[in-house]
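A.B. asks: Pasting a structure here, questions to come.
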(Lines of atoms letter the chains of each structure in order from A and count residues from 1; the text may use other names and numbers.)
(Lines give C-alpha, C1' and ligand atoms only; values in the text may rest on other atoms or scores of the structure.)
Protein backbone atom coordinates (compact mmCIF):
# COMPACT_ATOMS: atom_id res chain seq x y z
CA UNK A 1 0.00 0.00 0.00
CA UNK A 2 2.82 2.46 0.75
CA UNK A 3 3.94 2.41 -2.89
CA UNK A 4 0.46 3.47 -4.02
CA UNK A 5 0.50 6.29 -1.45
CA UNK A 6 3.86 7.49 -2.77
CA UNK A 7 2.48 7.57 -6.31
CA UNK A 8 -0.52 9.55 -5.10
CA UNK A 9 1.64 11.96 -3.10
CA UNK A 10 3.86 12.69 -6.11
CA UNK A 11 0.84 13.43 -8.31
CA UNK A 12 -0.82 15.53 -5.61
CA UNK A 13 2.27 17.69 -5.16
CA UNK A 14 3.00 18.04 -8.88
CA UNK A 15 -0.56 19.00 -9.79
CA UNK A 16 -1.21 21.55 -7.06
CA UNK A 17 2.34 22.94 -7.11
CA UNK A 18 2.08 23.89 -10.78
CA UNK A 19 -1.40 25.34 -10.21
CA UNK A 20 0.01 27.45 -7.38
CA UNK A 21 3.04 28.44 -9.47
CA UNK A 22 0.68 29.61 -12.22
CA UNK A 23 -1.50 31.63 -9.83
CA UNK A 24 1.44 33.49 -8.23
CA UNK A 25 3.12 33.89 -11.67
CA UNK A 26 6.16 31.86 -10.69
CA UNK A 27 5.93 30.36 -14.17
CA UNK A 28 4.58 31.83 -17.38
CA UNK A 29 0.83 31.71 -17.80
CA UNK A 30 0.12 28.19 -19.07
CA UNK A 31 -2.43 27.47 -21.81
CA UNK A 32 -5.85 26.18 -20.81
CA UNK A 33 -4.96 22.63 -21.82
CA UNK A 34 -1.89 22.64 -19.54
CA UNK A 35 -3.94 24.03 -16.62
CA UNK A 36 -6.51 21.28 -17.14
CA UNK A 37 -3.68 18.75 -17.09
CA UNK A 38 -2.41 20.13 -13.74
CA UNK A 39 -5.92 19.89 -12.28
CA UNK A 40 -6.34 16.35 -13.62
CA UNK A 41 -3.04 15.20 -12.09
CA UNK A 42 -3.96 16.71 -8.70
CA UNK A 43 -7.46 15.22 -8.72
CA UNK A 44 -6.19 11.86 -9.97
CA UNK A 45 -4.00 11.54 -6.86
CA UNK A 46 -7.08 11.35 -4.65
CA UNK A 47 -7.99 8.03 -6.26
CA UNK A 48 -4.66 6.55 -5.10
CA UNK A 49 -5.24 7.71 -1.51
CA UNK A 50 -8.87 6.60 -1.51
CA UNK A 51 -8.14 3.16 -2.97
CA UNK A 52 -5.29 2.45 -0.54
CA UNK A 53 -7.25 3.48 2.55
CA UNK A 54 -10.48 1.73 1.59
CA UNK A 55 -8.91 -1.54 0.44
CA UNK A 56 -6.52 -1.75 3.42
CA UNK A 57 -9.35 -0.94 5.82
CA UNK A 58 -11.70 -3.56 4.36
CA UNK A 59 -8.90 -6.17 4.41
CA UNK A 60 -7.92 -5.48 8.02
CA UNK A 61 -11.41 -4.90 9.48
CA UNK A 62 -13.63 -6.90 7.14
CA UNK A 63 -16.15 -7.64 9.90
CA UNK A 64 -16.82 -3.89 10.14
CA UNK A 65 -16.26 -2.99 6.48
CA UNK A 66 -19.24 -0.63 6.36
CA UNK A 67 -18.01 1.35 9.35
CA UNK A 68 -14.45 1.47 7.98
CA UNK A 69 -15.53 2.82 4.60
CA UNK A 70 -17.68 5.41 6.38
CA UNK A 71 -14.81 6.71 8.53
CA UNK A 72 -12.51 6.71 5.55
CA UNK A 73 -14.68 9.66 1.81
CA UNK A 74 -6.55 33.70 3.99
CA UNK A 75 -5.20 34.03 0.46
CA UNK A 76 -6.40 31.58 -2.18
CA UNK A 77 -2.87 31.24 -3.58
CA UNK A 78 -1.52 30.28 -0.15
CA UNK A 79 -4.30 27.70 0.19
CA UNK A 80 -3.29 26.13 -3.14
CA UNK A 81 0.32 25.87 -1.94
CA UNK A 82 -0.93 24.22 1.27
CA UNK A 83 -2.83 21.68 -0.85
CA UNK A 84 0.38 20.92 -2.72
CA UNK A 85 2.46 20.37 0.43
CA UNK A 86 0.29 19.21 3.34
CA UNK A 87 -1.50 16.09 1.97
CA UNK A 88 1.68 14.91 0.29
CA UNK A 89 3.70 15.37 3.48
CA UNK A 90 1.17 13.55 5.64
CA UNK A 91 1.03 10.65 3.19
CA UNK A 92 4.82 10.28 3.10
CA UNK A 93 5.13 10.49 6.89
CA UNK A 94 2.37 7.98 7.64
CA UNK A 95 2.55 5.67 4.62
CA UNK A 96 4.55 2.95 6.41
CA UNK A 97 1.73 2.59 8.94
CA UNK A 98 -0.71 1.58 6.19
CA UNK A 99 -0.42 -2.14 5.62
CA UNK A 100 -2.54 -5.27 5.30
CA UNK A 101 -2.43 -7.65 8.27
CA UNK A 102 -3.06 -11.38 8.11
CA UNK A 103 -5.27 -11.39 11.20
CA UNK A 104 -7.40 -8.95 13.13
CA UNK A 105 -6.60 -7.87 16.67
CA UNK A 106 -9.21 -8.56 19.31
CA UNK A 107 -11.35 -5.67 20.50
CA UNK A 108 -11.27 -3.73 17.23
CA UNK A 109 -14.89 -2.66 17.57
CA UNK A 110 -14.24 -0.60 20.70
CA UNK A 111 -11.48 1.41 19.04
CA UNK A 112 -13.41 1.81 15.78
CA UNK A 113 -16.33 3.19 17.78
CA UNK A 114 -13.94 5.67 19.36
CA UNK A 115 -12.83 6.87 15.92
CA UNK A 116 -16.47 7.11 14.87
CA UNK A 117 -17.36 9.20 17.91
CA UNK A 118 -14.53 11.65 17.20
CA UNK A 119 -15.59 11.91 13.55
CA UNK A 120 -19.16 12.75 14.60
CA UNK A 121 -17.98 15.33 17.12
CA UNK A 122 -15.75 17.04 14.53
CA UNK A 123 -18.57 17.10 11.96
CA UNK A 124 -21.02 18.57 14.47
CA UNK A 125 -18.44 21.12 15.64
CA UNK A 126 -17.70 22.24 12.06
CA UNK A 127 -21.40 22.48 11.24
CA UNK A 128 -21.98 24.79 14.21
CA UNK A 129 -18.94 26.90 13.24
CA UNK A 130 -20.13 27.25 9.64
CA UNK A 131 -23.55 28.46 10.76
CA UNK A 132 -22.07 30.91 13.28
CA UNK A 133 -19.51 32.32 10.83
CA UNK A 134 -22.19 32.90 8.20
CA UNK A 135 -24.56 34.47 10.73
CA UNK A 136 -22.30 36.59 12.93
CA UNK A 137 -19.00 38.44 12.55
CA UNK A 138 -16.62 36.54 14.79
CA UNK A 139 -13.72 38.44 16.43
CA UNK A 140 -10.12 37.34 16.01
CA UNK A 141 -9.82 35.82 19.49
CA UNK A 142 -12.83 33.56 18.90
CA UNK A 143 -11.38 32.36 15.59
CA UNK A 144 -8.10 31.47 17.31
CA UNK A 145 -9.96 29.68 20.11
CA UNK A 146 -12.13 27.65 17.73
CA UNK A 147 -9.04 26.73 15.70
CA UNK A 148 -7.24 25.46 18.81
CA UNK A 149 -10.27 23.36 19.75
CA UNK A 150 -10.37 21.95 16.22
CA UNK A 151 -6.68 20.99 16.38
CA UNK A 152 -7.33 19.22 19.68
CA UNK A 153 -10.16 17.22 18.12
CA UNK A 154 -8.06 16.36 15.06
CA UNK A 155 -5.28 14.94 17.23
CA UNK A 156 -7.68 12.99 19.47
CA UNK A 157 -7.64 9.87 17.21
CA UNK A 158 -3.90 9.64 17.91
CA UNK A 159 -4.75 8.97 21.56
CA UNK A 160 -7.11 6.16 20.48
CA UNK A 161 -4.35 4.58 18.40
CA UNK A 162 -1.86 4.79 21.29
CA UNK A 163 -4.36 3.20 23.70
CA UNK A 164 -5.05 0.40 21.20
CA UNK A 165 -1.32 -0.29 20.78
CA UNK A 166 -0.79 -0.35 24.54
CA UNK A 167 -3.69 -2.76 25.08
CA UNK A 168 -2.41 -5.01 22.30
CA UNK A 169 1.08 -4.99 23.80
CA UNK A 170 -0.25 -5.78 27.28
CA UNK A 171 -2.45 -8.54 25.88
CA UNK A 172 0.43 -10.16 24.02
CA UNK A 173 2.58 -10.17 27.17
CA UNK A 174 -0.07 -12.20 29.03
CA UNK A 175 -1.20 -14.91 26.60
CA UNK A 176 -4.25 -16.92 27.52
CA UNK A 177 -4.91 -20.48 26.47
CA UNK A 178 -6.86 -19.28 23.46
CA UNK A 179 -4.15 -16.82 22.48
CA UNK A 180 -1.34 -19.35 22.53
CA UNK A 181 -2.50 -20.65 19.15
CA UNK A 182 -2.60 -18.47 16.05
CA UNK A 183 -5.61 -16.22 15.78
CA UNK A 184 -8.46 -17.56 13.69
CA UNK A 185 -9.22 -15.72 10.49
CA UNK A 186 -11.93 -13.12 10.64
CA UNK A 187 -15.37 -14.75 10.32
CA UNK A 188 -16.50 -12.64 7.41
CA UNK A 189 -13.29 -13.30 5.47
CA UNK A 190 -13.72 -17.05 5.97
CA UNK A 191 -17.38 -16.92 4.99
CA UNK A 192 -16.70 -14.83 1.89
CA UNK A 193 -14.06 -17.32 0.72
CA UNK A 194 -16.50 -20.20 1.31
CA UNK A 195 -19.35 -18.54 -0.57
CA UNK A 196 -17.45 -17.18 -3.59
CA UNK A 197 -13.93 -16.77 -4.90
CA UNK A 198 -12.30 -13.39 -5.45
CA UNK A 199 -13.06 -12.11 -8.94
CA UNK A 200 -10.82 -9.96 -11.08
CA UNK A 201 -12.19 -7.07 -13.12
CA UNK A 202 -12.81 -9.10 -16.29
CA UNK A 203 -14.64 -11.82 -14.37
CA UNK A 204 -16.73 -9.24 -12.53
CA UNK A 205 -17.66 -7.49 -15.79
CA UNK A 206 -19.07 -10.77 -17.08
CA UNK A 207 -21.67 -10.78 -14.29
CA UNK A 208 -25.02 -9.03 -14.26
CA UNK A 209 -24.41 -7.80 -10.70
CA UNK A 210 -21.50 -5.64 -11.88
CA UNK A 211 -23.55 -3.83 -14.49
CA UNK A 212 -26.54 -3.42 -12.19
CA UNK A 213 -24.30 -1.81 -9.57
CA UNK A 214 -22.60 0.32 -12.23
CA UNK A 215 -25.91 1.55 -13.64
CA UNK A 216 -27.21 2.33 -10.14
CA UNK A 217 -24.08 4.45 -9.54
CA UNK A 218 -24.50 6.27 -12.86
CA UNK A 219 -28.02 7.23 -11.78
CA UNK A 220 -27.35 7.92 -8.10
CA UNK A 221 -23.84 9.40 -8.02
CA UNK A 222 -24.37 11.13 -11.37
CA UNK A 223 -27.55 12.93 -10.33
CA UNK A 224 -26.14 13.70 -6.88
CA UNK A 225 -22.92 15.20 -8.24
CA UNK A 226 -24.86 17.18 -10.84
CA UNK A 227 -26.89 18.73 -8.02
CA UNK A 228 -23.82 19.52 -5.92
CA UNK A 229 -22.02 21.13 -8.87
CA UNK A 230 -24.98 23.40 -9.63
CA UNK A 231 -26.11 24.24 -6.09
CA UNK A 232 -24.79 27.84 -6.22
CA UNK A 233 -26.48 28.58 -9.54
CA UNK A 234 -29.73 27.02 -8.32
CA UNK A 235 -29.66 29.20 -5.22
CA UNK A 236 -29.00 32.30 -7.30
CA UNK A 237 -31.91 31.55 -9.64
CA UNK A 238 -34.26 31.03 -6.67
CA UNK A 239 -33.29 34.35 -5.08
CA UNK A 240 -31.18 33.09 -2.17
CA UNK A 241 -28.69 35.58 -0.75
CA UNK A 242 -24.93 35.12 -1.09
CA UNK A 243 -24.65 34.27 2.62
CA UNK A 244 -27.38 31.63 2.33
CA UNK A 245 -25.73 30.08 -0.74
CA UNK A 246 -22.30 30.00 0.94
CA UNK A 247 -23.84 28.36 4.00
CA UNK A 248 -25.55 25.73 1.86
CA UNK A 249 -22.36 24.92 -0.04
CA UNK A 250 -20.38 24.60 3.19
CA UNK A 251 -22.98 22.49 4.96
CA UNK A 252 -23.35 20.21 1.95
CA UNK A 253 -19.90 18.76 2.64
CA UNK A 254 -20.86 18.09 6.27
CA UNK A 255 -24.08 16.32 5.29
CA UNK A 256 -22.16 14.35 2.67
CA UNK A 257 -19.66 13.16 5.29
CA UNK A 258 -22.27 12.40 7.95
CA UNK A 259 -24.00 9.86 5.78
CA UNK A 260 -20.77 8.42 4.39
CA UNK A 261 -20.02 7.63 8.01
CA UNK A 262 -23.57 6.91 9.11
CA UNK A 263 -24.45 4.64 6.21
CA UNK A 264 -21.40 2.48 6.82
CA UNK A 265 -22.15 2.04 10.51
CA UNK A 266 -25.91 1.62 10.07
CA UNK A 267 -25.49 -0.86 7.21
CA UNK A 268 -23.30 -3.03 9.45
CA UNK A 269 -25.92 -2.98 12.20
CA UNK A 270 -28.82 -3.66 9.82
CA UNK A 271 -26.96 -6.48 8.08
CA UNK A 272 -25.65 -8.35 11.12
CA UNK A 273 -28.46 -7.62 13.58
CA UNK A 274 -31.55 -7.37 11.37
CA UNK A 275 -30.56 -9.17 8.17
CA UNK A 276 -31.22 -6.18 5.87
CA UNK A 277 -28.76 -6.37 2.99
CA UNK A 278 -26.73 -3.40 1.75
CA UNK A 279 -28.32 -3.41 -1.75
CA UNK A 280 -31.70 -2.95 -0.02
CA UNK A 281 -30.35 0.06 1.89
CA UNK A 282 -28.86 1.44 -1.34
CA UNK A 283 -32.23 1.11 -3.11
CA UNK A 284 -33.92 2.98 -0.25
CA UNK A 285 -31.23 5.67 -0.51
CA UNK A 286 -31.88 6.16 -4.23
CA UNK A 287 -35.61 6.50 -3.54
CA UNK A 288 -34.94 9.24 -0.96
CA UNK A 289 -32.57 10.97 -3.42
CA UNK A 290 -35.36 11.02 -6.01
CA UNK A 291 -37.59 12.71 -3.42
CA UNK A 292 -34.83 15.29 -2.79
CA UNK A 293 -34.68 16.14 -6.50
CA UNK A 294 -38.46 16.57 -6.60
CA UNK A 295 -38.31 18.93 -3.62
CA UNK A 296 -35.67 21.07 -5.37
CA UNK A 297 -37.78 21.09 -8.55
CA UNK A 298 -40.90 22.20 -6.64
CA UNK A 299 -39.47 25.64 -5.89
CA UNK A 300 -41.35 26.28 -2.63
CA UNK A 301 -39.84 28.59 -0.02
CA UNK A 302 -36.83 26.96 1.63
CA UNK A 303 -36.90 24.03 -0.78
CA UNK A 304 -33.15 24.16 -1.41
CA UNK A 305 -32.39 23.65 2.29
CA UNK A 306 -34.52 20.50 2.48
CA UNK A 307 -33.62 19.16 -0.95
CA UNK A 308 -29.87 19.71 -0.60
CA UNK A 309 -29.88 17.91 2.76
CA UNK A 310 -31.58 14.85 1.26
CA UNK A 311 -29.42 14.79 -1.87
CA UNK A 312 -26.18 15.44 0.05
CA UNK A 313 -26.93 12.77 2.63
CA UNK A 314 -27.90 10.20 -0.01
CA UNK A 315 -24.86 11.01 -2.15
CA UNK A 316 -22.58 10.30 0.80
CA UNK A 317 -24.52 7.14 1.60
CA UNK A 318 -23.96 5.77 -1.91
CA UNK A 319 -20.21 6.40 -1.71
CA UNK A 320 -20.13 4.45 1.56
CA UNK A 321 -22.23 1.50 0.39
CA UNK A 322 -20.76 0.95 -3.08
CA UNK A 323 -17.21 -0.14 -2.06
CA UNK A 324 -18.58 -2.37 0.69
CA UNK A 325 -21.06 -4.09 -1.64
CA UNK A 326 -18.26 -4.52 -4.17
CA UNK A 327 -16.03 -6.27 -1.62
CA UNK A 328 -18.85 -8.60 -0.54
CA UNK A 329 -20.08 -9.62 -3.99
CA UNK A 330 -16.78 -9.74 -5.89
CA UNK A 331 -14.30 -10.36 -3.05
CA UNK A 332 -11.44 -8.23 -1.72
CA UNK A 333 -8.66 -9.63 -3.91
CA UNK A 334 -9.22 -7.12 -6.74
CA UNK A 335 -11.56 -4.79 -4.91
CA UNK A 336 -9.59 -1.61 -5.66
CA UNK A 337 -9.74 -2.14 -9.42
CA UNK A 338 -13.39 -3.16 -9.45
CA UNK A 339 -14.80 -0.43 -7.23
CA UNK A 340 -12.81 2.29 -9.02
CA UNK A 341 -14.19 1.01 -12.33
CA UNK A 342 -17.72 1.16 -10.95
CA UNK A 343 -16.98 4.65 -9.60
CA UNK A 344 -16.50 5.83 -13.21
CA UNK A 345 -20.29 5.94 -13.22
CA UNK A 346 -20.11 9.12 -11.13
CA UNK A 347 -18.37 11.40 -13.70
CA UNK A 348 -20.21 9.71 -16.59
CA UNK A 349 -23.61 10.36 -15.03
CA UNK A 350 -22.61 13.82 -13.85
CA UNK A 351 -21.46 14.88 -17.33
CA UNK A 352 -24.62 13.67 -19.02
CA UNK A 353 -26.94 15.24 -16.44
CA UNK A 354 -24.96 18.44 -15.80
CA UNK A 355 -24.08 19.33 -19.40
CA UNK A 356 -26.67 17.60 -21.55
CA UNK A 357 -29.65 18.09 -19.23
CA UNK A 358 -29.21 20.90 -16.67
CA UNK A 359 -26.92 23.08 -18.80
CA UNK A 360 -28.95 22.65 -21.98
CA UNK A 361 -32.31 23.40 -20.32
CA UNK A 362 -30.86 26.35 -18.37
CA UNK A 363 -29.53 27.92 -21.59
CA UNK A 364 -32.95 27.48 -23.21
CA UNK A 365 -34.66 29.21 -20.26
CA UNK A 366 -32.07 31.99 -19.85
CA UNK A 367 -32.87 35.50 -21.04
CA UNK A 368 -31.04 38.82 -21.16
CA UNK A 369 -27.55 39.81 -22.18
CA UNK A 370 -25.84 38.02 -19.29
CA UNK A 371 -27.55 34.74 -20.27
CA UNK A 372 -28.91 34.30 -16.72
CA UNK A 373 -32.18 32.79 -15.56
CA UNK A 374 -34.21 33.66 -12.46
CA UNK A 375 -37.22 31.79 -11.15
CA UNK A 376 -38.40 28.27 -10.42
CA UNK A 377 -38.72 27.43 -14.12
CA UNK A 378 -34.92 27.54 -14.61
CA UNK A 379 -34.28 24.15 -13.02
CA UNK A 380 -37.75 22.64 -12.56
CA UNK A 381 -37.71 20.40 -15.64
CA UNK A 382 -34.05 19.47 -15.07
CA UNK A 383 -34.69 18.22 -11.55
CA UNK A 384 -37.80 16.31 -12.51
CA UNK A 385 -35.55 14.53 -15.02
CA UNK A 386 -32.92 13.96 -12.29
CA UNK A 387 -35.65 12.58 -10.03
CA UNK A 388 -36.68 10.17 -12.79
CA UNK A 389 -33.06 9.08 -13.25
CA UNK A 390 -32.64 8.47 -9.51
CA UNK A 391 -35.91 6.52 -9.44
CA UNK A 392 -34.68 4.40 -12.35
CA UNK A 393 -31.54 3.73 -10.30
CA UNK A 394 -33.83 2.65 -7.44
CA UNK A 395 -35.53 0.11 -9.74
CA UNK A 396 -32.16 -1.16 -10.99
CA UNK A 397 -30.93 -1.59 -7.44
CA UNK A 398 -34.08 -3.47 -6.49
CA UNK A 399 -33.13 -6.00 -9.16
CA UNK A 400 -29.65 -6.24 -7.61
CA UNK A 401 -31.25 -6.70 -4.19
CA UNK A 402 -33.38 -9.65 -5.35
CA UNK A 403 -30.45 -11.19 -7.26
CA UNK A 404 -28.14 -11.08 -4.22
CA UNK A 405 -30.69 -11.83 -1.49
CA UNK A 406 -29.86 -15.55 -1.35
CA UNK A 407 -26.14 -14.72 -1.48
CA UNK A 408 -26.40 -12.51 1.61
CA UNK A 409 -28.56 -15.08 3.41
CA UNK A 410 -25.85 -17.66 2.81
CA UNK A 411 -23.18 -15.27 4.09
CA UNK A 412 -25.13 -14.57 7.28
CA UNK A 413 -25.87 -18.27 7.80
CA UNK A 414 -22.23 -19.30 7.33
CA UNK A 415 -21.09 -16.42 9.53
CA UNK A 416 -23.46 -17.51 12.29
CA UNK A 417 -22.17 -21.09 12.07
CA UNK A 418 -18.56 -19.92 12.13
CA UNK A 419 -19.19 -17.69 15.16
CA UNK A 420 -20.79 -20.60 17.04
CA UNK A 421 -17.78 -22.82 16.27
CA UNK A 422 -15.28 -20.21 17.43
CA UNK A 423 -17.32 -19.57 20.59
CA UNK A 424 -17.32 -23.28 21.36
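Glycine too: its Cβ is placed from the backbone N, Cα and C atoms.
Whatever TrEMBL says is automated annotation, not expert-curated.
As annotated in TrEMBL:
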- 1-73: domain 'Nodulin-like' (DOMAIN)
- 6-24: transmembrane segment (TRANSMEM)
- 78-100: transmembrane segment (TRANSMEM)
- 112-132: transmembrane segment (TRANSMEM)
- 138-156: transmembrane segment (TRANSMEM)
- 205-410: domain 'NFD4 C-terminal' (DOMAIN)
- 210-231: transmembrane segment (TRANSMEM)
- 279-298: transmembrane segment (TRANSMEM)
- 304-325: transmembrane segment (TRANSMEM)
- 337-362: transmembrane segment (TRANSMEM)
- 374-402: transmembrane segment (TRANSMEM)
A.B. asks: Could you pull out which residues elsewhere in the chain have a CB under 8 Å from any CB of the transmembrane segment (304-325), counting only those six or more residues past its ends?
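C.D. replies: Apart from its flanks, the transmembrane segment (304-325) reaches 54, 58, 65-66, 69-70, 73, 213, 217, 220-221, 223-225, 227-228, 231, 234-235, 238, 240, 248, 251-252, 255-264, 267, 278-279, 281-282, 285-286, 288-289, 291-293, 295-296, 335, 339, 342-343.
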A.B. asks: Cβ pairs under 8 Å with the transmembrane segment (210-231): which stretch of 6-24, 138-156, 279-298, 337-362, 374-402 has the most?
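C.D. replies: That would be 337-362.
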A.B. asks: Okay, the transmembrane segment (6-24) and the transmembrane segment (279-298): do they have at least three CB pairs under 8 Å, pairs separated by 6 or more?
C.D. replies: no
A.B. asks: Same chain, outside the transmembrane segment (138-156) by at least 6, Cβ under 8 Å from its Cβ: which residues?
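C.D. replies: Contacts with the transmembrane segment (138-156): 118, 121-122, 125-126, 129, 132.
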A.B. asks: Do you know the mean pLDDT across the domain 'Nodulin-like' (1-73)?
C.D. replies: 71
A.B. asks: The transmembrane segment (374-402): which same-chain residues, six or more beyond its ends, come within Cβ distance under 8 Å?
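C.D. replies: Residues 209, 212-213, 215-220, 222-223, 226-227, 230, 234, 236-239, 277, 279-280, 282-283, 286-287, 289-291, 293-294, 296-299, 349, 353, 357-358, 361-362, 365-366 contact the transmembrane segment (374-402) from elsewhere in the chain.
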